[in-house]
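Q: This is the structure I have questions about; it appears just below.
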Ligand SMILES: Nc1nc2c(ncn2[C@@H]2O[C@H](COP(=O)(O)OP(=O)(O)OP(=O)(O)O)[C@@H](O)[C@H]2O)c(=O)[nH]1
Ligand SMILES: [Mg+2]
């Protein structure tokens, strides 16, 4: 991705900016995923549990992302909502090897979907069924069943299996999200006119 | 900074009002939310709004928790901006909002990322913000980063980490103590001077309660050559402070050598700091001051005005303690009198006033007037003080000097300056009889045209006290009565009281005074009328004892305590009469402050009179359980119950109240591996414990007090001395000195302390009687007891006087505590008030004969008190 940003700059094309929130239970791999999405030269090797949040920047072919990487620990989860208001996309990361806490993840997801700041918006939600390399990892289909993703009606969503360490599956997800956000933004534009 | 630049421009344009003036809080907060929540954020606009928020915060406007939190979260969104100005303002806002918003820890990760990131400009401010938002529980998660930052090679980063740690140490000293290895490394780094300075500051803050560690700190870092000047100055201050607090610190010689060595440093800043510290250390002997004085002397001829000012200021302070040592600089000071800088010139002169001999007084004083016109009040006060101390030093010059003071009194000046002048004139009154009349008439003249009520009432009080003692008291009446006609109510009331004084002391004037008082009784002000009516009634009763207790007598009650007692009384149902005996007596020092009279009471020089607030608060009011014992009749000085540098140090202050003694034990735990709980002091002896207030938790290096209250028997059963054996009792919990982790289990332990004695002196408060003989007559011989003792252990009269004086804890009157040299007999006159409000006077006649023989007479309003005192001596 590094190349893109350089090339684009060079050509004078400025990509549109968008804000997304990255949520999910602690230890699910949010920070690791965002780290992998950044240009190689700004990746770090030292990832510690997040306290509060962090802003990370990365870009896809057509969009520049400001990602609010939230902390997934129990006592910080009620702070996610502060960042819902002006986001144009959500990444929800699931630790697909943590079967035990699936119901907890489901609970947090429900609260997110029904949150007043998001409930009436068609904000796209991307799910990463992360840690697919893990021995006990559930498939993305199994994850979506457990989280009852079918029941999400008013938002476009998509789930990909991913491996944050190698980067497998990340591009697919991000590409899907870029397209969705672009059409979401176009929609907003149109409605505003 | 976009915001600032734009404002600047607007200002220059003169178009419209300044955009940061008259900000409305809620519209700013509204604007903040709207601006920061947008995508993408516009840096220029954000900077401006952030500036506005800071402005609102700094105007001191109250912001509700909810509003604040909402704004805070909006600000956190700006972490997406990479604009330098925006980011730095964000850090500042985070710090300012840390205490008023909820959930500020949300920015922890963002800040830790910035402090370790590549952007150098962000690292230092991120560290400062991080330390502000991190509470005790979260500290552990940033420990590693803080330690790294302290030894970072970028000086700003290291400095930020070190200074922030100083702040953290205030609330969490035990955590910061684990970071000291890194701080020590930073302090020894050869690079940036500021880093060394900050590191030493941190090391000192963390260990300042540990005398041994402070000593090591100084001796370790003193040895490092090439130390930065700032760090060096700090080390000097640390060493000086340690020496000042306790010069029995082991190796105090080494610290002294270090400070003296700094007099030869290459940096002027360091040399000056060393000289200043040496002067501040109150060296008692001119030899010790000499090296400091000689470097200051060199500075006097420096081309830099700041150095000259610093030097002469310090010399002026030194002259107050050791005029002889400073007189070596007289020539330089003379030169400085013509310095272009007025402040330097004036200080030079006031210093010369202190150091010069009697012969130079007149010449210097003549120059004063040429100075006074164009210097500030602060310096004028300095000059007045110098003149005042001259009066004390050369009584023969007092008349000349008081004329000068009077001249100054006629000139313009603020209330502080005028009040220094009035004080000086009042001081002259006490010292010399020739000057007295002159000074009094200067004061009379002054109140003719005095705009300050407080000064006018003060002068009237003094006229009432001193006027009757002069040869022609009648001369003062006109001046005083003029005030009744011309002045504000408060001054009129004071004048009425002054008139009554003349009536009481000068019988020949009484008829005319009564006429004047009757006129005053028609005044339109209640207070004035009441006073006049009261005095008339008292005079008409012709009862001498009434007159002496309400008019001519002295009041020994502490005014602040009287006010407090009356307030407390009003809170009760007021069914019982108010008992004056419960009001604490003012110590002579306190009396001196209010009347400006007691010799040596008013501070002449700030350096000498450093510390020791005189009018103290009631120490018992602060502890809810003890308020019921208040007010305190007398508090002793602190008494060490352990030796210095033991595991636990305990000192005791005895607060004697109406019927109890509250023992305040100040304890310090110096063991880093112990946490003490439920700390209290058990006392065993003749007195019953009635209440105990213990210390719940005593961490290492912290000083806290526990209290034990014992009940005193009534005067009949009082013995002259009670001895109490003391034991410190506590529970110990072991803890790890490096991590601060505390064990679960605890065990009881105790520690034996020195005994405490409650002696006669504890029951007697000092009272200064200006006319001791009159007071003696007034008490009369009915309760007099007399006895003669042979004091075989004493060899000189002065020694005996000192012993008796301190044993009885009474005030020596009429300077009888000084034995003139070469005498073989002396009389010591003492005055005091016994707990419960009984006046006590003691006359002790001493004669030298194979040791000292003492004839002791005691008079008191209570025979039991006389008895107790004679018993206590024998
Ligand atoms: N095997 C494997 N490990 C992963 C993967 N993604 C993340 N991890 C590991 O999971 C741990 C947690 O990752 P983080 O990125 O810190 O998790 P997080 O969701 O940011 O956690 P919080 O910040 O506490 O909410 C780390 O040790 C990662 O190395 C993955 O795809 N496969
Ligand atoms: Mg994380």
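Even glycines carry a Cβ here, placed using N, Cα and C.
A TrEMBL annotation is a machine prediction, not a hand-curated record.
Bear in mind that the values here come from a model prediction, so they are computed numbers and not experimental data.
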Q: Which one, A:72, A:74, is listed by TrEMBL in the same GTP site as A:24, A:25, A:26, A:27, A:28, A:29, A:30, A:31, A:130, A:131, A:132, A:133?
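A: According to TrEMBL, the candidate sharing the GTP site with A:24, A:25, A:26, A:27, A:28, A:29, A:30, A:31, A:130, A:131, A:132, A:133 is A:72.
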Q: Whole-number Å distance between the CA of residue A:31 (Mg(2+) binding site) and the CA of residue A:24 (GTP binding site)?
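A: Their Cα atoms are separated by 11 Å.
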Q: Taking CB atoms only, which of the binding-site residues A:24, A:26, A:30, A:31, A:72, A:131 fall under 8 A from chain B?
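A: Correct list: none.
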Q: Using a 6 Å cut-off on Cβ distance, which of the binding-site residues A:24, A:26, A:30, A:131, A:133 come close to any atom of ligand 2?
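A: The ones that qualify, in sequence order, are A:30.
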Q: Comparing the binding-site residues A:30, A:131, which residue's C-beta has the most other C-beta atoms within 10 angstroms in this structure?
A: A:30
Q: Within 10 angstroms of the C-beta of residue A:133 (GTP binding site), what count of other C-beta atoms is obtained when all protein chains are considered?
A: 15
Q: My understanding is the cutoff is Cβ-Cβ under 8 Å with a sequence separation of 6 or more in the same chain; which residues meet that for residue A:72 (GTP binding site)?
A: A:23, A:24, A:25, A:26, A:27, A:28, A:30, A:50
